[in-house]
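Feature annotations, reproduced from Swiss-Prot:
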| type | residues | note |
| --- | --- | --- |
| TRANSIT | 1-77 | transit peptide |
| TOPO_DOM | 78-93 | topological domain 'Mitochondrial intermembrane' |
| TRANSMEM | 94-110 | transmembrane segment |
| REGION | 111-117 | region 'Required for outer membrane localization' |
| DOMAIN | 156-510 | domain 'Protein kinase' |
| BINDING | Ile162, Gly163, Lys164, Gly165, Cys166, Asn167, Ala168, Ala169, Val170, Lys186 | ATP binding site |
| MOD_RES | Ser227 | phosphoserine |
| ACT_SITE | Asp361 | active site, proton acceptor |
| MOD_RES | Ser401 | phosphoserine |
Amino acid sequence: MAVRQALGRGLQLGRALLLRFAPKPGPLFGWGKPGPAAAWGRGERPGQVVSPGAQPRPVGLPLPDRYRFFRQSVAGLAARIQRQFMVRARGGAGPCGRAVFLAFGLGLGLIEEKQAEGRRAASACQEIQAIFTQKTKRVSDPLDTRCWQGFRLEDYLIGQAIGKGCNAAVYEATMPTLPQHLEKAKHLGLIGKGPDVVLKGADGEQAPGTPTFPFAIKMMWNISAGSSSEAILSKMSQELVPASRVALAGEYGAVTYRRSRDGPKQLAPHPNIIRVFRAFTSSVPLLPGALADYPDMLPPHYYPEGLGHGRTLFLVMKNYPCTLRQYLEEQTPSSRLATMMTLQLLEGVDHLVQQGIAHRDLKSDNILVEWDSDGCPWLVISDFGCCLADQHVGLRLPFNSSSVERGGNGSLMAPEVSTAHSGPSAVIDYSKADTWAVGAIAYEIFGLANPFYGQGSAHLESRSYQEAQLPEMPESVPPEARRLVRSLLQREASKRPSARLAANVLHLSLWGEHLLALKNLKLDKMIAWLLQQSAATLLADRLREKSCVETKLQMLFLANLECEALCQAALLLSSWRAAP
């Protein structure tokens, strides 16, 4: 009994000593009471500004709040307290002092065990991340077996126009496998004609031997760059940000393209971002519909009043069935499907942020759609002509003059961008601008009108809207998705969740219900759930020749897995569910 009382008294005294001599930490968010979502995400803290060239802080498991003062060496802290205690005692520690340090040693053992558990969890997350990172980097390239082909416009058969935008026209195209196929296509008169007008068989199906069009060729409109390849590449370099290394291996007239230190960044591949397979300059051809659709953009030898130059840039990409706007005009996805579509956009934006690139022109017209074998849509972000991909400024653009370009889409321009004022030390931070645009596009995905489009009283402007003016989403939308969309559209960027945190929230709401149902989120339970998800995802990926949308999303989640970020998302979800 005496020993028990001594140990109990020692624990009380040890705790009092720790509270007295340990450094007082600032407000931190971890396993304690959930803080605001501001700056939550990949290694961020509320109010923290990350410099453009800074490496991301290694993220480990945060200790519970009651252990935060053990950030310095445990051994060093123990020695410091012991020295101060011995100085005060001036004669050595008696039985009471020995009990204090015995209790203190027991406490250190518990904390070291907690730290070891956190290290094991962080290590498990890193191993899972390494496995799936390699898998998600694989982006199919239909031209990978033709490394030295496809760098001339003459290598392609051009079909019908797919669409046109503010600065380019897009046509379907194919590359004949063998030279005799090219001759056959020319003989049948298929050059310049799409599948709607090709020869049909007796049963109404497409005739054998008729080419299909797996590629889309984007022909840029060259009004101000001149006709030299150097000037064209310099003026339109942002279009080359999502280009692969092989895509830029061709000759550009008399010029070989070389990425310069002052040029834009090269974007690493991602399943939710367009990939440019080939890029080259060539003479402007008179393509189908050109005189009717964009005569003013043609060279004068095609149209006397045309403003275009005789040479321009061509980009070869995958041909997708439709844009997101076209898809939503025909179909209204279910709430679960709409959640997964929003999640895909967040995954793409998070990848851009990690690479230090801002798209700045996100809208449903610039998002392409294809379907998996189950009919679920897969979204791809395209059109990087307005992107910010500067190697020197990162996501913080110096705004020292009103002539500095803010971006391309004024309607979906984040408040911190649209309200920025130029000045000698002014800077526009784009780190959460694309995330805000995803929140606005989410209204369209869930079947509602985009509140930042249109006219009348329902129309909002990013410069002046208040969060209370945002339209309420219907009850059919999952509550987590409703809360997240409103959170993405907060005016203050510091209160807005990062794309990574938002993506983790949707991942957990879709597939982590078992984890969220736990009263206390324990590390061993979380790691067991992650291992189970990893095994199931690997098995699903191996069993199917082409992964479905859900499997792809789970692979992306595991490829970006970080223990602390996952805990933050779980805490945010728990706080939303606990709120009235």
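Keep in mind that glycine also has a Cβ here, set from the backbone N, Cα and C atoms.
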Cβ neighbours of Ser401 (phosphoserine) where a neighbour is any other Cβ within 10 Å: 10
Sparsest Cβ surroundings (other CB atoms within 10 Å) among the binding-site residues Ile162, Cys166, Ala168, Val170: Cys166
Assigned element (helix, strand, coil) containing Ser227 (phosphoserine), judged by DSSP: coil
Rounded distance in angstrom between the Cα atoms of Ile162 (ATP binding site) and the residue listed as 'active site, proton acceptor': 20
Length of the line joining the Cα atoms of Cys166 (ATP binding site) and the residue listed as 'active site, proton acceptor', in Å: 12
Top Cα neighbour of Lys164 (ATP binding site) in the set of recorded positions Ser227, Asp361, Ser401: Asp361
Distance [Cα-Cα, Å, rounded] between Ser401 (phosphoserine) and Val170 (ATP binding site): 34
Residue from Ala168, Val170, Ser227 whose C-alpha is spatially nearest that of the residue listed as 'active site, proton acceptor', among the recorded positions: Ala168
Packing count at the residue listed as 'active site, proton acceptor' (other Cβ atoms within 10 Å of its Cβ): 23
Local Cβ density at Ser227 (phosphoserine) - other Cβ atoms counted within 10 Å: 17
Other CB atoms within 10 A, centred on Lys164 (ATP binding site): 18
Between Ser227 (phosphoserine) and Ala168 (ATP binding site), the C-alpha gap once rounded to whole angstrom: 16
